[in-house]
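**Q** Could you have a look at this structure, given as structure tokens, before my questions?
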Amino acid sequence: MSKVLYEKDIQKEVLQEKKIAVVGYGSQGHAHAQNLRDSGYDVVVGLRPGKSKEKAEEDGFEVLSVAEAVSVADVVMVLLPDELQPSVYYESIQANLKSGSAIAFAHGFNIHFTQVVPPLDVDVFLVAPKGPGHLVRRTYEEGAGVPALYGVYQDVTGNAKELALAYSVGIGAARAGVLETTFQEETETDLFGEQAVLCGGVTSLIKAGFETLTEAGYQPEVAYFECLHEMKLIVDLLYEGGLENMRYSISDTAQWGDFVSGPRVINAETKERMKEILADVQSGEFAKGWILENQANRPKFNATNAKENQHPIEKVGRELRELMPFVKQPLQKKQKDVKVHVTN
Ligand SMILES: NC(=O)C1=CN([C@@H]2O[C@H](COP(=O)(O)OP(=O)(O)OC[C@H]3O[C@@H](n4cnc5c(N)ncnc54)[C@H](OP(=O)(O)O)[C@@H]3O)[C@@H](O)[C@H]2O)C=CC1
Ligand SMILES: CC[C@](O)(C(C)=O)C(=O)O
Ligand SMILES: [Mg+2]
Ligand SMILES: [Mg+2]
């Protein structure tokens, strides 16, 4: 088994006297900045004027321009959207990185696909939480954490791995466990996972189930509960104890249906499609398409986002969730508006 490290295995002092610039204050940025500060580290936030800047200031951070924050930092964590990182890096980060400092990422995309080429006199590392930023913060406040992968791309000080590990303690990840990786492995598995399983796979499965039921004349409310709301309850059991635990809790009728019908939905053909998706990730084909989509100002992204937000499952879901105040709000409120990203 790969070695999973926890807080007790890690020396935290290496980061103690250092100033950490968290660049970006979105999903990951707000969580890293707040968790690091609550862990006793010295944090400054790097941002442009705008909503995130106001939020970070409200939360009590010193907020500087990206260039200023980088110039005073010993460790720079880049938590900008992946597609914007190259332009911000070349405009505001590269020239201000101190020799012997470190630049870090929560996802290896831009280093692995060479959209950002760091100078040779800085450490380059990765601490990639395996969960959404809002949960990185929420679990930290609850005394737990989200597991993370760490990896080193460039080690000029001889301390890059220790820095990455101490950073993972600072954001709470080492409470849940951290595992060593490479930029290549993190990038390829993260992209594959979010496309084929966690985001693309799950949303397509939910929609196909909902559409099948409603097209057959069943009530949308019933279809919503069956295919989306209950997903969380089932996933909680999977999360807590794997497939066996979920199957222990459900009825034997459901378990028999799981065995005979699951493989009719997700079958050898689906796995072939998954292999194609992985091949596109590995070859850089997916990355190329995403970079070009951004250079063209996101026509397909924005049109698809607008269409998806109008799906009947979204309409009925919004109405039903209004009646369930116990359903936590923040993540739903983060529903993405159609955004225009200009990359160059
Ligand atoms: N979302 C997640 O949970 C996960 C994300 N990651 C990785 O973390 C990184 C950050 O992603 P995520 O947290 O989702 O990003 P978000 O889109 O949530 O946040 C991006 C932040 O960057 C700021 N920003 C955008 N453009 C600029 C600019 N030109 N100058 C300064 N600040 C700018 C935004 O501020 P403003 O309000 O001004 O636009 C915002 O605060 C990515 O590498 C991603 O792959 C890794 C694991 C999970
Ligand atoms: C699953 C999506 C993710 O990879 C994540 C939250 O880990 C992301 O890029 O947001
Ligand atoms: Mg991920
Ligand atoms: Mg990801």
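For all residues, glycine too, the Cβ spot is worked out from N, Cα and C.
TrEMBL: automatically predicted annotations, no manual curation.
Not my notes, these are from TrEMBL:
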- 2-181: domain 'KARI N-terminal Rossmann' (DOMAIN)
- Tyr25, Gly26, Ser27, Gln28, Arg48, Ser52, Gly133: NADP(+) binding site (BINDING)
- His107: active site (ACT_SITE)
- 182-327: domain 'KARI C-terminal knotted' (DOMAIN)
- Asp190, Glu226, Glu230: Mg(2+) 2 binding site (BINDING)
- Asp190, Glu194: Mg(2+) 1 binding site (BINDING)
- Ser251: substrate binding site (BINDING)
**Q** Provide, as an integer number of angstrom, the distance between the C-alpha atoms of Glu194 (Mg(2+) 1 binding site) and Gln28 (NADP(+) binding site).
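**A** Per the Cα atoms, Glu194 (Mg(2+) 1 binding site) and Gln28 (NADP(+) binding site) stand 16 Å apart.
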**Q** With helix taken as DSSP H, G or I, strand as E or B and everything else coil, how many residues of the domain 'KARI C-terminal knotted' (182-327) land in each class?
**A** 125 helix, 0 strand, 21 coil
**Q** Quick one: among the recorded positions Arg48, His107, which has the most Cβ atoms sitting within 10 Å of its own Cβ?
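**A** Of Arg48, His107, the one with the most crowded Cβ is His107.
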**Q** Spatially, which candidate from the binding-site residues Tyr25, Ser27, Gln28, Ser52 is nearest to Glu226 (Mg(2+) 2 binding site), comparing Cα atoms?
**A** Ser27
**Q** Of all the recorded positions given, namely His107, Asp190, Glu230, Ser251, which is spatially nearest to Arg48 (NADP(+) binding site) at the Cα level?
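**A** That would be His107, the closest of His107, Asp190, Glu230, Ser251 to Arg48 (NADP(+) binding site).
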**Q** Which of Ser27, Gln28, Glu230 has the fewest nearby Cβ atoms, counting only those within 10 Å, among these binding-site residues?
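**A** Across Ser27, Gln28, Glu230, these binding-site residues, the one with fewest Cβ atoms within 10 Å is Glu230.
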**Q** What's the CA to CA span in angstrom from Gly26 (NADP(+) binding site) over to Glu230 (Mg(2+) 2 binding site)?
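**A** Gly26 (NADP(+) binding site) and Glu230 (Mg(2+) 2 binding site) have their Cα atoms 28 Å apart.
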**Q** Which one is it: of the binding-site residues Asp190, Glu230, Ser251, whose Cα lies the shortest distance from the Cα of Gly133 (NADP(+) binding site)?
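**A** Result: the closest of the binding-site residues to Gly133 (NADP(+) binding site) is Asp190.
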**Q** Within a 10 Å radius around the Cβ, which one of these binding-site residues has the most neighbouring Cβ atoms: Ser52, Ser251?
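**A** Per the Cβ count within 10 Å, the most buried is Ser52.
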**Q** Using a 10 Å radius around each Cβ and counting other Cβ atoms from all shown chains, which of the binding-site residues Gly26, Gly133 yields the largest count?
**A** Gly133
